[in-house]
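Contents: one structure, followed by commentary.
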Amino acid sequence: MKLTCMMIVAVLFLTAWTFATADDSGNGLENLFPKAHHEMKNPEASKLNKRCKQADEPCDVFSLDCCTGICLGVCMW
């Protein structure tokens with residue numbers, strides 16, 4: 001019984017500590033998901049709609065647009 005009470009108190013304390021020390025920039029929930037909101041307005045902006053390149057297709061090392069994620073001028077494997 002004492003252990004259960006201690007666990008409940010610990011969880012309540014950690015929850016209160018999390019809310020007390022959370023960084024609130026003054027906007028609250030306004031800018032919580034700005035990118036997701038932009039993607040809802042413009043579905044083409046979503047990364048899920050972008051096509052990845054298959055093996056042996058030319059790729060850009062900096063954009064990492066290969067399906068496998070390995071690019072050495074051409075997508076590997």
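Note that the numbers count up from 1, one per residue, in the order the chain is shown.
The backbone N, Cα and C atoms fix where each Cβ goes, and this holds for glycine too.
Listed features, source Swiss-Prot:
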type	residues	note
SIGNAL	1-22	signal peptide
DISULFID	Cys52-Cys67	disulfide bond
DISULFID	Cys59-Cys71	disulfide bond
DISULFID	Cys66-Cys75	disulfide bond
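According to DSSP, Cys71 (disulfide bond) is assigned to a strand segment. Around Cys67 (disulfide bond), a 10 Å sphere centred on its CB holds 14 further CB atoms from the protein chains shown. Take the CB of Cys66 (disulfide bond) and look out to 10 A: across all protein chains shown you find 21 other CB atoms. The secondary structure of Cys66 (disulfide bond), as reduced to three states from DSSP, is extended strand. In the structure as shown, the Cβ atom of Cys71 (disulfide bond) sits within 10 Å of 19 other Cβ atoms.
For Cys75 (disulfide bond), the Cβ neighbour count at a 10 Å cut-off comes to 20, with all displayed protein chains included.
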